[in-house]
Amino acid sequence: GIGADNDLYINQAIVFIEDAIQYRSINHRVDSKSLWLYRWYYSRTCQWILSLTITTILALAFIEKPSSLTITSDIRYRLPAWNPPCGLTESVELLCFFVFMVDVSVKSYLIGWEEFWKNKWLIAYILTLIVSLTDWIVSLSLFCTEDVRIRRILRPFFLLQNSSMMKKTLKSINSTLPEMASVVLLLAVHLSLFTMFAMLLFARTKDGQQDKEWVGYFRNLPDSLTSLLVLLTTANNPDVMIPAYSKNRAYSIFFILFTVLGNLFLMNLLTAIIYNQFRGYLLKSVQSSLFRRRLGIRAAFEVLSCLKETPTYAQQSAVSIGALLRVLQKVEMDSRCKQAIMRSLKMCSCDQLSAAQFQKLFEELDKEAIKQHPPSPEYQSHFMRKMQFAFGHAYFGYLGNVVALANIVSICVVLVMDADKQPSERDDFFLGAINCFFILYYLLEMLLKILAMGLRRYLSYPSNRFDGLLTVILLVLEIATFAVYGFPHPGWRPEFMGLLSLWDMVRLVNMLIVFRFLRIIPNMKFMALVVTTLLDLVKNLRAFAGILVVVFYAFAITGIMLFKGAIVPMGNIRFFLLLLFQTCFYIKNNVVLSYKKKSDFMALLGHFEAVVIDCLRYLLSVNLICRWAKVYFVAWWLISSVIWVNLFVALLLENFIHKWDRRCHREPLSDIEYQRTVELMFRDVLEEPTEEELMEKLHQHPHLQLCR
């Protein structure tokens, strides 16, 4: 009947608007049952369960054999790790697989059979589940004694496929790979040529005393390649050239040329190419997100225009305000946006909305929220108004920063003066007195600000909440100190009882006052520009961080399987530990030692150290395993340190240049202070889709039949 049709159109409009809010595709089933299932699947509860399942299956690696559940990572002191019995973690894993099977089944049903075969991610999802379940069955049949577990390497895929932004970022990276490959090939040619030159220059001679360079770095082709590859990262500079330089200073020209050409030119050229290519692809993906939002809103308009309550004499499609209000009441969206749209509807004098008016209403979704602070109290007394003006002024805040600076300087002076004194020789009277003075000032400052601004307005500022919390903590600690040790006096010496003693806690919390200086950043334009860029990156880098977690996890699990039992000390553990200590000072978290002990968490730590290249030369020089281990570590270095770090630099440059250009056009800094998403970062250069493009896409919808 007409009522059932109208209810269907209303529900379709609700789902399409929610799709637009979340940048989701609208190419899914739109019948009543499917719409109910769709909203249930994307509800907070279901998505929370899915996220918890992904977190659980990834965290299993820290519990499974080899377990990382030890207090210390030092193999000399830690007790044997608890390894769960066979079937315990496998049961949890099976439960996670069940959730994933439900997830992929619902997704496949909702998009339809035709769309399913076009979706490569869903097909890969199903294949991953099949391989994982097969490997799970094999594990149980072997009573969990197998060393190679393929499903553990595949687990990060579940995290990857659940994030649309991570998939877009991965697609952008994949599109950039051909350009990166050309520079990497040039780097390989550069490395090969200089390797051959090095083997000729530092060939073995009759005098064994003069062959230190050959013995240490250029004995054969693999060692020569390894030495120069590590030199490309500057990790073994200048160690690699010291023997040759000691023999003849002219040999330094070879190493200088190699470093300048490889590190300064080719590596920076790689950064430039990645920035240029990745910027275009990321912009393209953000443009597609904008198109999805506009398409979802237009789809909602088209289905609402099919309502039977629409006047028949209307020459063009229109939507009644009443129908839109019914939809807005059921749509799950930010309350600020919903209220803004409803206010605009109430101010509208017409009863019908055209497509352009409908689309303009929902442009509120593109705006970033700016927090409104509560008003200050209004005092009747002239004296109180003067007090309010004085203590609510910015200069009063500057005075607080100056006092905090004096506090920090005084503490530092006392610490420097007492650094060489024995605890029995120290007199803490001066430090106790100044602590008491500064804490009283902070308390007075907090009370005066509350008086001037009102409690609600005072608490609406994060800096005030931080200051107030510190002041309360300092006050409580100071009162407790006085209760235990009495008031400061000459010869006053509170006992030192470790880091958590009352006296040490007072000094440590006092040092946190230095963060008060962060409040001056908005008043310094260039510093504010840098800080807002960093704040934007915190949110924009979630997709990058997720992909890095995927790579970390996969390489760590692979390393555990490849290097299991590769190093067996056999009674010579003291020599082995001494060797590691001398090479990198990393007994506790050396990568190879981590793989020997098969600890997943230690393997992750080892990879992190390789990213910062502090110890890459030692990782590559470990021949105790096999020479092919170098391939593994070089692959990790290329993916994490070369490709991912350059992608990070590209995003940082794009964000900073965008803000710098706006600053040069003298736009107020406050306009960009709240842009915290990738979409808003590119908002100025995005193109709005035309009506023809939107309608063409809607007519291609596999499940939606339009009225016109």
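All residue numbers here begin at 1 and follow the chain in the order shown.
Each residue, glycine too, has its Cβ placed from N, Cα and C.
TrEMBL annotations: computationally assigned, not manually curated.
Positions annotated as domain 'Ion transport' by TrEMBL: 49-278 (among others). Averaged across the domain 'Ion transport' (49-278), pLDDT for the predicted model comes to 84.
The feature domain 'Ion transport' is assigned by TrEMBL to 405-656 (among others).
The feature transmembrane segment is assigned by TrEMBL to 41-63 (among others). Using a Cβ-Cβ cut-off under 8 Å and counting only residues 6 or more beyond its ends in the same chain, the transmembrane segment (41-63) has close neighbours at 18, 22, 24, 69, 84, 89, 92-93, 96, 99-100, 103, 106-107, 110, 152, 155-156, 158-159, 162, 553, 556-557, 600-601.
Marked as transmembrane segment by TrEMBL: 84-102 (among others). Within its own chain, the transmembrane segment (84-102) has Cβ neighbours under 8 Å at 49-50, 53, 56-57, 60, 63-65, 67, 125, 129, 132-133, 136, 139-140, 143-144, 151, 158, counting only residues six or more beyond its boundaries.
What TrEMBL records for 122-145 (among others) is transmembrane segment. Taking Cβ pairs closer than 8 Å, the transmembrane segment (122-145) reaches residues 65, 86-87, 90, 93-94, 97, 100-101, 104, 107-108, 111, 116, 151, 154-155, 157-158, 161 in its own chain, all 6 or more past its ends.
TrEMBL lists 180-203 (among others) with the feature transmembrane segment.
Under the heading transmembrane segment, TrEMBL lists 250-275 (among others). Taking Cβ pairs closer than 8 Å, the transmembrane segment (250-275) reaches residues 176, 179-180, 182-184, 186-187, 190-191, 194, 197-198, 201, 213, 228, 231-232, 234, 237-238, 240-241, 244, 642-643, 646-647, 649-650, 653-654 in its own chain, all 6 or more past its ends.
Residues annotated as transmembrane segment in TrEMBL: 395-417 (among others).
According to TrEMBL, the feature transmembrane segment maps to 469-488 (among others).
TrEMBL lists 508-531 (among others) with the feature transmembrane segment.
If you look up TrEMBL, you'll see 543-567 (among others) marked as transmembrane segment.
Sequence annotations record features per position, and here TrEMBL assigns transmembrane segment to 573-589 (among others).
Residues or ranges marked as transmembrane segment in TrEMBL: 601-620 (among others).
The annotation transmembrane segment is assigned in TrEMBL to 632-653 (among others).
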